[in-house]
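Annotated features in TrEMBL:
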- 66-497: domain 'Major facilitator superfamily (MFS) profile' (DOMAIN)
- 61-90: transmembrane segment (TRANSMEM)
- 102-122: transmembrane segment (TRANSMEM)
- 157-179: transmembrane segment (TRANSMEM)
- 191-213: transmembrane segment (TRANSMEM)
- 219-240: transmembrane segment (TRANSMEM)
- 307-330: transmembrane segment (TRANSMEM)
- 345-366: transmembrane segment (TRANSMEM)
- 373-395: transmembrane segment (TRANSMEM)
- 407-430: transmembrane segment (TRANSMEM)
- 442-461: transmembrane segment (TRANSMEM)
- 473-493: transmembrane segment (TRANSMEM)
Amino acid sequence: MELLDTLNAEEKKSKEVATVSTDEAFLEEADKEEESLLKEQIPHVYQSSWFLGYFKPQPVVFQWILTIFASIGGVLFGVDQSLISAVLLYMPQDLHLTSSQVSMVVGFPALGALVGSAIVPACNLATGRKGSLIITTILYTVGAILEADSHGFGTMLAGRMVIGVALGLEGGTVPMYIAECASRKKRGSLISIYQFMLQVGILLGYVVDAMFVNVSGNWRFMLGSSLFFSTLLGVGTVILPESPRWLVLTDRVTIAYSMWSKTKDLSQTDERKEFFEMKRKVLREHEESKKRSVWLDLFRIRRNFRAVFLGVMLMIIQEFSGINAISYYMGTLLHRSGFSSLDSVYWSMLPGFCGILGTLPPVLFMDRLGRRMMILAPMSVVIISLALCGFSFLISKENVSGRTALYMLGVCIYELFWSQGLGPVPWVILGEAFPAYLRNHGMAVGDFVTFVGNFITTYWFSDMAAAMTETGVFAGFFGGITFLGLLYCLLLMPETKDKTLEQLDEVFEMPTRELVIKNIESSKTAMNDLLHFRFGKALGW
């Protein structure tokens, strides 16, 4: 026995020595490559962003600046969700729309978003992440003009569809761009900024509705306000640098290294090492992908299939938890619960504010608590809040105060906890789960599924409410799917925190049976720690 222990110890020591010597050889080679890159003189080394030529913040600061500007697209996403809430109270009468046409105006942007999702890979490969955001800005601007100036159903629907294409392209680009530029220790929190800005956009949409509700032609001003936010996105896009991983992919390694040095602290060995590991892996995978169909790699390589299946499931759970139906029909649902049309517009701001508060924990603690903790705990409360929303419609219409109070309580709790977990975590996972050469394609699939769910839950919401009643839709349909989603995440969702994008291969190569066992054990340990008041240990602090 002692001999066996001695042999195991020697074997472990030899592996450690081999690892150290391998790392030293790698770093020595990386030093030579770095020296070669620094000698190359490129006249426009800051061509990816003129902003960097004049303002050179610390890497951590610049990561936040980059994330905030890129996430302005999330503001537009949120604004579109909430603006339509009050617009639906006034626009259908002015344009003489039927109930079927109203459903199309609400639901068809999701069909446009499917087109936007489909062009994510081609657009990101051809024009880069920055170029895709410029195209998104143009689409948002054109769509907003068509909506605000529409005098009939056709023009309104065209504007909504164009906005939808922008939503799809932006949703598939921004989280991926942030993931590729962020450091591994802050990646979760930085991608969560996108969800935070989306919630800011939702609140701003309700605020804009309240600002123009008493103005003649109010809904035109509401929809036209998107032009202000698309202008902000355009300014932000000019400032943004290009993703280093895309620059490496397009054989602009020197510029990529320059961009990397702006967002990473190269005095840290790990940060320097990550660049050269990333470079080699990206180029190797790119060369290998030329020999076969890249799309098929998503499904025939087990590691990639696990990633895409997880991304698809998370997006299904996110969309069928009812968020878009609640946001798009906020004014209508408040009106049905007992509020007047005017009060519905004003009270819509309260859930929007709760949504912003809810996004603060993931921004601050995502990378400390982990993705699993961040999604599992809030989902339980989301299920309860959906039940409260549904049961509020069982209260007699004569009891207006009780009916409206219970609905507002339910929807505020829903927004507060949905935006903590189901909002940011699926986008974080999508942005980091795929290898570099498949990241465009994986994001496109997740984005596509998102807007299929968006379309189903918004276009058919009125029919679903008529068939199942509001109580059945909220407590039964949305609540039931969220409960099944909770079980799925508990058993089959891996933890991805504190790893580089390249190191995540190991996570998704883990066999499903082993993952389930690991998740059950970690859940038991966390529950035991909570029951014994070891909160710090349970939260991983």
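Each residue, glycine too, has its Cβ placed from N, Cα and C.
The transmembrane segment (191-213) and the transmembrane segment (345-366) are in contact, since at least 3 Cβ pairs between them lie under 8 Å (pairs 6 or more apart in sequence). 61-90 is the stretch from 61-90, 157-179, 307-330, 373-395 with the greatest number of Cβ pairs below 8 Å to the transmembrane segment (219-240). Within the chain, the transmembrane segment (61-90) has long-range Cβ neighbours (under 8 A, six or more residues past its boundaries) at 102, 105-106, 109, 133, 136, 140, 163, 166-167, 170-171, 173-174, 177-178, 181-183, 186, 190, 193-206, 208-210, 213, 218-219, 222-223, 225-226, 229-230, 232-233, 236-237, 239-241, 262-263, 324, 327-332, 335, 341, 344-345, 348, 352.
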